[in-house]
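Sequence annotations record features per position, and here TrEMBL assigns transmembrane segment to 6-31, 67-86, 98-117, 137-158, 164-182, 194-222.
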Amino acid sequence: MNENLFASFITPTMMGFPIVVAIIMFPSILFPSSKRLINNRLHSFQHWLVKLIIKQMMLIHTPKGRTWTLMIVSLIMFIGSTNLLGLLPHTFTPTTQLSMNLSMAIPLWAGAVITGFRHKLKSSLAHFLPQGTPISLIPMLIIIETISLFIQPMALAVRLTANITAGHLLMHMIGGATLVLMNISPPTATITFIILLLLTILEFAVALIQAYVFTLLVSLYLHDNT
């Protein structure tokens, strides 16, 4: 048994070269485009899922915000499929890496903010100073609102990283405890194995929920700036 709890989070290599790029690109293979006149059940489910995501995410947006539809749909499907694939044995989950999550959060947040400053300059600046603020509190509020604005991408990335990493660590520890208890106390090992199964089901739900939350927050940032 591997005693290093963080071994599963080490970037995998092949012949000394990191293969994380290939792992990141792999989920796109699971969503092929269909050229048939009549789609099969998989493609029909895929189209239904995309329409549901568009309806949930883009209904509140203006026509300018809806130009991000493809980006939003691609983001939630990528994060969701990556999280689910990471639950398979002997796999690597890229979303446990803070650097990758920041590389997704920062450009999307920056794009939304720049869009707001470009098309709604007065409205965007108004967020830094709520109406009716006492004059003595204006400098402090501007500083606080500026800090909260720049914390947004960090909060996006840390939330996704922490939730996925915590779930993987907990599954690893309970799985290791189950293997040890099999030779010591089979009844106790059975209980821990049932807990592991329930936790695995929960992690499947967390994988999808975190993809939804990450994308929803990006969509809300975009809505505030369009």
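Note: Cβ is positioned from N, Cα and C throughout, glycine not excepted.
Note that TrEMBL annotation is computational and uncurated.
Ranked by the number of CB pairs under 8 Å to the transmembrane segment (67-86), the listed stretches 98-117, 137-158, 164-182, 194-222 are led by 194-222. Most Cβ pairs under 8 Å to the transmembrane segment (164-182), among the stretches 98-117, 137-158, 194-222, belong to 194-222. Away from its own ends, the transmembrane segment (98-117) comes close to residues 24, 64, 71, 75, 79, 123-124, 149, 152-154, 156-158, 160-161, 214, 218, 221-222, 224-226 of its chain (Cβ-Cβ under 8 Å, at least six residues beyond either end).
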